[in-house]
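Here's what TrEMBL has on this protein:
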type	residues	note
TRANSMEM	A:34-55	transmembrane segment
TRANSMEM	A:67-89	transmembrane segment
TRANSMEM	A:101-129	transmembrane segment
TRANSMEM	A:141-158	transmembrane segment
TRANSMEM	A:178-207	transmembrane segment
TRANSMEM	A:214-233	transmembrane segment
TRANSMEM	A:304-321	transmembrane segment
TRANSMEM	A:333-351	transmembrane segment
TRANSMEM	A:371-388	transmembrane segment
């Protein structure tokens, strides 16, 4: 099947295929969700500025070129944008058929991380490093795979009209499908990604209409799992410290507590309008770790102030709001589940990332969608935007 | 539009999607709220924290200015020494609070481990010196006398000595040029305390943690000028302390130099002669107490009569001010302040006070003239003066018949002053005084500047005391309870005194006024007050505020801020009286009580004037006073428990005059040998590079003087009394008051 076939199958809108449709009046461009698209572009551009501000003086990582990270972030955004276009072009339904392949590739990649090819960054053994400064974090793509895979399984019989809700067997199959990569990611260990995946599963199950027993069962299992992880010392000490320091920053004032405290100082000192881009003393002095990636929000807080940092939250809010509408308004359960998975993913990742810089969530290595520097994450979120657009484009136009 | 059954959409899913939507938006709302809380509500707090975060101060201490003598010879300057310091914060991080490291360090430095530990402990109410009273965050100096070898050992094995540094630093040096130690005049430094830092925070000369502060003497009085201004560079730093920018930079301004009026050579001679005089006094037998004089403390002031500038000021016992440099050791501190120490830190020239004895008679003379008695009148100098069953005697019961006030001054006749003071006491109403008594004798003393500080430029000067009616009333109020409790009518001497004081100690009694007129009793004066008075007699009646500081010269010599002599008042005497007193005081040298010590002095070329005094102190030997002046200088020497003024200090004061004017023991004048025949007028030159044009300094001017004296005495001067043994006759001995019958004196205060 091709994308064009898919469009024709959907049977909505003029039957014209290819790029011309994109630019025709009353066509694809009109049905695209512009608020999401514009917000994503705005966030990526704000991210570019923040990443630049955080790295322009860091000669030890920017190879002496102040624009090194700026250019790369823009490049990543561009590639991400292209991936989005490609995703729209293919359509989420085409991708449903490709799930077995995607799943296989994803699991292979994360297994690769566990081989000597994998690299450890900041304590998380979650990277594959290629030559020439390129590296990949496969767990980012696993998130998409899990969403698509679970949606495919859960929606198959419902969309076929066999049943109103997915039955227990289907749910079990879906959970099994998700469990394999999650276990591998847990072995890395990339705890942040595991948390996101669990939340995604929760969102997917909720949206699929699966029995409440499954939803609460999952929550209970998650709680039990957390306790087990804690008691069985599966986590490294640095990971436990991160949690402990969140609960009590004085516990580890020179380590994680220091980081969270400095992050709070950075954001707090921004005030209403901030110090201006490039003028944040906390940012310039690198008091906050990982400023271009996980802690990028502190740069926004300090240099752009409440206005700028608030704008980021508003833009994220727009994307999530529109995504919720897309989830509600699409006619297929498959699309709903995919959208809900993306919502859970974005929402949790944004809340966890910003929350940890604000001192209300434990520290975990998760990027802020669109804003944080990092290719894998950027590609993954843009693909997700493509999926959302595809669902929106292919839903029936409401009268 | 949404619930379309044929697409499989069910209400359950729809409801759950709404729940998800609400959940997601409330999460974002939470973030927004938290963001507002941090940035808007507590923003200022965090902004403050952030600014403290990224600025580091680097302090460049200012080099402290030197203290120079009148010719430019440094008496306090700086030298570079290897200072070994310990960081308390580093030591406390160790398991045993750094004991092992300090013990190892003590071995390298050849010190006792205990001494090293004591140096790094912090001072508090319970911890005696030695202890560190500076900031606990500042490196604490252990020694500033490390040899290069020791410093190398510490530096090369830095892993063995965590928290210990060995760096060259500029430290204070009290060079004692020509052995003139000038300890009490110079004072000393010690580290600034947290309290002082807080207090001076918003003033125009705030302290730095590493500052040393003058604690006494000139170091304290001129601390602000000498200290300069430390250079502070504020760097913006990153999280690792790496400098990412310079925020603000103030260059260090070296402290200014203080040019004093002290002449190191004269200072040395004064110190030496004072010490010699005390040594000799200790070999003399005191007939009254039946043992040798103790001569336990003394002071001498050499002052320019016409300006009040102090040329030399010595206090004995003394100490080496270098003991304070680099933190004082426990042993040294005990030696300087312990009960057995005799308090060498005291500058007895301004902080030692005792009854003035007969040197006070110039005040009484002026008071008598003020009260209307003719200076050239005739007043009976009987051998004793009796009043109400009490007899007040002349020192040796001598009598001169009716004599003028001038003659009374010259021969130090007590009874003349007894009579005058008694008459005035009666005129004021006696024991039941008039409402407004004239109190000439007391008012005049105040006009002479007694009973208050002279205001010289040294800290903690004492006031002395004039026991006038007001003081007596106050003193009685404060002590009557104790007196009335212990006083017994027929008890011991002390008990009887207490009994009398209890009854009428608030009143000016006849005996009080009589005693007072010759400087005995409760009157207290300091040597510097005497110097001001006798200096005023020398210059025609102007009292000056004594000064040590002559000029403050910036480190580059470009800015010179002169300290001009300041007049503090005029003596309440007419020109005629002054002339009469001047003649009388010259008579003291030529034929009066000091004549036996000034035989052969070239009086025609360098006229000297003097007044001797011997003050009684209850329970102790007498305090000797000798107040003298020439045209340009006044020299006052006092020695406690040393007998008579001329006997104890005659040779010493004469030797100082010898040194000043270049007079030999035979009375010949050798101008080449004169140290300072006229006061030093010009200021020493300080070059723009900070170097000072100072004349060469003899190793020991006091020894030079002795050599001179030997040279001349070899010529053979037969008139000169051999040795220093006092051989006074009855008439030229110092006077002292004797009460024949029950001694009627209050507890005396030294």
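Glycine is no exception: its Cβ is also placed from the backbone N, Cα and C atoms.
Keep in mind that TrEMBL annotations are predicted by a computer and have not been checked by a curator.
Note that the coordinates shown come from a computational prediction; the quantities given were computed from them, not determined experimentally.
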In contact by Cβ distance (the transmembrane segment (A:34-55), the transmembrane segment (A:304-321); 3 or more pairs under 8 Å): yes
Seg_contact(the transmembrane segment (A:178-207), the transmembrane segment (A:101-129)) with at least 3 CB pairs under 8 angstroms, min sep 6: yes
Selected stretch (most C-beta pairs under 8 A with the transmembrane segment (A:371-388)) from A:34-55, A:101-129, A:141-158, A:214-233: A:34-55
Interface check, the transmembrane segment (A:141-158) with the transmembrane segment (A:214-233), three or more C-beta pairs under 8 A: no
